[in-house]
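S.K.: Dumping what Swiss-Prot says about this protein:
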BINDING   His86, His157, His408  Zn(2+) binding site
Amino acid sequence: MSAPSRFDRGHTDDLMTFLSASPTPYHAVASAAARLEKAGFRQVAETDAWEATSGGKYVLRGGAIVAWYVPEGAAAHTPFRIVGAHTDSPNLRVKPRPDTGAHGWRQVAVEIYGGPLMNSWLDRDLGLAGRLSLRDGSTRLVDVDRPLLRVPQLAIHMDRNVSTEGLKLDKQRHLQPVWGLGDSVRDGDLIAFLEDEAGLARGEVTGWDLMTHSVEPPAYLGRDRELVAGPRMDNLLSVHAGTAALASVAASGADLPYIPVLAAFDHEETGSQSDTGADGPLLGGVLERSVFARGGSYEDRARAFAGTVCLSSDTGHAVHPNYAERHDPTHHPRINGGPILKVNVNNRYATDGSGRAVFAAACEKADIPFQTFVSNNSMPCGTTIGPITAARHGISTVDIGVAILSMHSARELCGADDPHLLANALVAFLQP
């Protein structure tokens, strides 16, 4: 898996392992939690009373995780330094009545999640993974990581104009994957199949949150293998970098003036409005309870929040060699050119001048370059959890990330060096 580079590729090798182990947000937070556990962090339950103890802690809620490290002697009003990211990616998700079919084909009824590049999901070997809710109230993760499903494209002989007029897909009729032959009801019991896969008794599963994923593993690409192709880089690349950075800072034993935090949310791709999304109460609740657990008052909470800074880390757009005119003519982020700072004067990104200075200082300390992304004026600008975090919590927030190609494809493309550079910048930010 290793590739030659002027930089250490160990981080990128580990990213590829993380991507493969994290086909869903639920698996992603489990993977992050396992890495933090190895670094000495421990899980705390939201239903328990929290103690005023130092060290690393984390909260899991669905497909979200908030982790933080309290240094020895931290005051109740000690500010936070937060790395924010999201765990979800566009895909196809299984409907409540999953079994369907037609003309002798067994199919799975799916709904489109987020804004995927749907052509990238056609004729691709897909697995199925997610969370099963059981009759006893517990949950179980499941991952069928082998070719199970496929959305077959119509042959060109039956769609003669596809190459000249473009691919046209009806979201309801054309995207239901096949997974075998037979009667859709008698032979197509998907949940029974998953119960067998998970080693559960029939009828034990009473609810599910299931989604498709490409089973093709991440891989180095190019003559010098300076590129990485893989799924869910938007935005597990940032989740992985943030997890590694937080673990590194906690292990350093340094005298920290801030409490470093990782907040990885679900549902960014659909607006963040959920109890596990950035527009929900999770982050604010964790930060407040951390202040109060250390004997703080509401005044201490206000002081801590006033001094807090968040880096909202999400992937951005590298200049595309075939579509360079879609970019701002004076801002062309390049692959392996270092992390990007995202700016939009209409507050689609949260970055302002003071935020730029914070990120520039972190990159200077880490001795790495950074680039700036601004949208072409003639095209709408996307957004992130950054403006939501700034507005909801009154926290100074800066939008950053790594430039990639093919964002929202089933298989995206990044530079092999950029993930490592991002992680180094995050370490320097969390440990100024």
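Placement of Cβ uses the backbone N, Cα and C atoms for every residue, glycine included.
The shown structure was predicted, so the numbers you read here are calculated from the model rather than taken from an experiment.
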S.K.: What count of other C-beta atoms do you get within 10 angstroms of the C-beta of His86 (Zn(2+) binding site), across all chains shown?
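M.R.: So the number of other Cβ atoms within 10 Å of His86 (Zn(2+) binding site) is 30.
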S.K.: Counting across all protein chains shown, how many other Cβ atoms sit within 10 Å of the Cβ of His157 (Zn(2+) binding site)?
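M.R.: For His157 (Zn(2+) binding site), the count of other Cβ atoms within 10 Å is 6.
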S.K.: Note down the number of other Cβ atoms within 10 Å of the Cβ of His408 (Zn(2+) binding site), including every protein chain shown.
M.R.: 17
S.K.: Look up His86 (Zn(2+) binding site) in the DSSP assignment and report helix, strand or coil.
M.R.: strand
